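Undergrad: Copied straight from TrEMBL:
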DOMAIN    47-293  domain 'G-protein coupled receptors family 1 profile'
TRANSMEM  30-53  transmembrane segment
TRANSMEM  65-88  transmembrane segment
TRANSMEM  108-125  transmembrane segment
TRANSMEM  145-167  transmembrane segment
TRANSMEM  187-207  transmembrane segment
TRANSMEM  241-261  transmembrane segment
TRANSMEM  277-295  transmembrane segment
Amino acid sequence: MNECYYDKHMDFFYNKTNTDTVDEWTGPKLIVVLCFGTFFCLFIFISNSLVIAAVVKNKRFHFPFYYLLANLAAADFFAGIAYVFLMFNTGPVSKTLTVNRWFLRQGLLDTSLTASLVNLLVIAVERHMSIMRMKIHSNLTKKRVTFLIISIWAIAIFMGAVPTLGWNCLCDITACSSLAPIYSRSYLVFWSVLNLVVFFIMVVVYIRIYMYVQRKTNVLSSHTSGSISHRRTPVKLMKTVMTLLGAFVVCWTPGLVVLLLDGLNCTYCGIQNVKRWFLLLALLNSVMNPIIYSYKDDEMWGTMKRMICCSSKDKSQDRRSSQIPSTVLCRSTDTSGHYIEDGIIQGTICGKGDLGDKGNS
C-alpha cells in the first residue's frame, strides 16, 4: 500500500519533482513580476467593478446577455483575487506552504478559469437561442438567468476543488507533475484536454452563428426597409462575444498546452522556463476583457464614462460646498442663483448621456 504525505510541506514535493522555485522568483525578477502583477490586479478590480455597475445602472443592459457579461466580469474580478493570493504565496514562499494552502492557491486559479470558460459557453447558448430567431436578446427569464449564474459558479467551485477531493498524488509520488507538484499528471491531462476541447467547440459554434447572422442580414437588407442599425445590432453583439472568446483562447491556450505537456511527462520541453510568462499572459486576459467591453460597445463605454464623470463631479462639488460659509450661500438671491446655475451646468455635463438615452428610448 502506498504511503500518503498529507502532513508534509511543499518543499518535500518540490524536491521530489526537482522543481526549483528560488532562482526563478528572487531579486529583480520577483520585483518586476510583483509590480506588474499589482498594477494589473488593481486595474482588474476597478475596471470589472465598473462593468458590473454599468450593467446594474443602465436599464438597457437588463437582458440575459448583459447579465452573463456582468458575470464574466465577476469571474475576472475573482481572477484578480486569485492572482493577489498567488503573488503572496509564490517563489521561495511556495516551499513553506502547507498542502492545504497550496491546494487553495491553485484551486482559486482553477475556479476563476472554469467560471470564465463555462460563462462563455452559456453565452454561446444564449447567443444561439437569440440569433437563430433573429432576435437581439433571448427570452430567458431573470429566474433562469439567476439559476444559470449560480450553476456556473457551482461548477467552477467543484472543478477547482477536484484535486483537493482526491485526484492528486499525495499517495503516489511517482505520479506527481512538475509544474504542480501535488497534482497527478493524469489530472493535468484531463484538465487541459477538457478545456482545449471546449475552446474548439465554442470557436466552431461562434463561427457558425456568425456566418448565419451575416447571411440572414444580407438577405433581410435586400428585402426589407427596416432600420439598418437595428439589423446590425446582433452582428455587433456577436463581434463583441467573438472578440472576448478570441482573447480568452489566445491568453489561456499556451498555459493549457504547457500543462498538457507536463501531464504527458515531457522532460525535454523546457516547460519550467516559460510557465511564469504564460501565467502572466493568462492574467492579461482579465485585463483585456473590460477594454473589449468598452471598445466594442459604445453604450457600455458611455455608461462607464458617465459614472466616472459624475463621481468625480460629485466629489468636487462636495469639496467646494464644504469650503463655502453658510452666510455666503444666503447672501443674496443673485449669488444663490449663480450656484444653482452652476449646479445645473455640472448636472447637465454629467447627465448628458442620460438625457440622450431618454430621448432615444
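Quick reminder: no glycine exception, Cβ is built from N, Cα and C everywhere.
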Undergrad: Are the transmembrane segment (30-53) and the transmembrane segment (108-125) close enough that 3 or more Cβ pairs fall under 8 Å, when only pairs 6 or more apart in sequence count?
TA: no
Undergrad: Counting a contact as 3 or more Cβ pairs under 8 Å, with residues at least 6 apart in sequence, do the transmembrane segment (277-295) and the transmembrane segment (30-53) touch?
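TA: Judged by the Cβ rule, the two regions touch, with the required three close pairs present.
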Undergrad: Apart from its near flanks, which chain residues at least 6 from the ends of the transmembrane segment (65-88) lie with a Cβ under 8 angstroms of it?
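TA: Sequence-distant neighbours of the transmembrane segment (65-88): 33-34, 37-38, 40-41, 44-45, 48-49, 51-52, 55-56, 104-105, 108-109, 111-113, 115-116, 119-120, 122-123, 126-127, 130, 137-138, 142, 145, 148-149, 152, 156, 237, 244, 283, 285-286, 289-290, 293.
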Undergrad: For the transmembrane segment (145-167), find every same-chain residue at least 6 residues outside the stretch whose CB is under 8 Å from a CB in it, and list them.
TA: 64, 67-68, 71, 75, 100, 103, 106-112, 114-115, 118-119, 122, 182-184, 186-187
Undergrad: Okay, the transmembrane segment (30-53) and the transmembrane segment (187-207): do they have at least three CB pairs under 8 Å, pairs separated by 6 or more?
TA: no
Undergrad: For the domain 'G-protein coupled receptors family 1 profile' (47-293), what is the mean per-residue pLDDT, to the nearest integer?
TA: 84
